[in-house]
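As given in Swiss-Prot:
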type	residues	note
DISULFID	Cys67-Cys79	disulfide bond
DISULFID	Cys73-Cys89	disulfide bond
SIGNAL	1-26	signal peptide
Amino acid sequence: MNYSKIFIFGIISLILMALFSSTVESVSLKNLKIKNNNNNNNNIENKHKTKKSLELTETQDFGSVKCPDGSLCPNSNTCCSASDGSYACCPTPNAQCCSDKQHCCPYQFTCGNGGNICKPQQGLRFSFNR
């Protein structure tokens, strides 16, 4: 019996189970609130003088996603409207913001069960080349 074929079959089976599972847990926006960046008092001459000023300007200097209210999310995040009217950062690019305004789902997934789960988009297919 060829053990390498059994091992490869086992790995492929695990990958397929992970890819075709019916749901994925959604990301909660509760702890992902962001600070509004409408304060334009940052002076270029002194923005790196203290640790505090460096923390305040770090996201501005290294590519950020600007939300409709002017707040910023780290690069490759998605701005989602939160239930309190502010914006929160979903930590995945091109995410789906759920209608409950408390969760988000990764790209190519849709919100289900009120936003508690993420389901693969209809018609989503995976192909494996040999």
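Cβ atoms are placed via backbone N, Cα and C, with glycine included.
Sequence features annotated in Swiss-Prot and their locations in the structure.
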{"residue": "Cys67", "record": "disulfide bond", "DSSP (3 states)": "coil"}
{"residue": "Cys73", "record": "disulfide bond", "DSSP (3 states)": "strand"}
{"residue": "Cys79", "record": "disulfide bond", "DSSP (3 states)": "strand"}
{"residue": "Cys89", "record": "disulfide bond", "DSSP (3 states)": "strand"}
Any idea what the Cα distance is from Cys67 (disulfide bond) over to Cys89 (disulfide bond), rounded to a whole Å? 9
Hey, of the disulfide-bonded residues listed (Cys67, Cys73, Cys89), which one tops the CB count within 10 A? Cys89
Given Cys73 (disulfide bond) and Cys79 (disulfide bond), what distance in Å do their CA atoms have, once rounded to a whole number? 7
Work out how many Å separate Cys89 (disulfide bond) and Cys79 (disulfide bond) at their Cα atoms, rounded off. 5
Which number gives the other C-beta atoms within 10 angstroms of the C-beta of Cys79 (disulfide bond), all protein chains shown included? 21
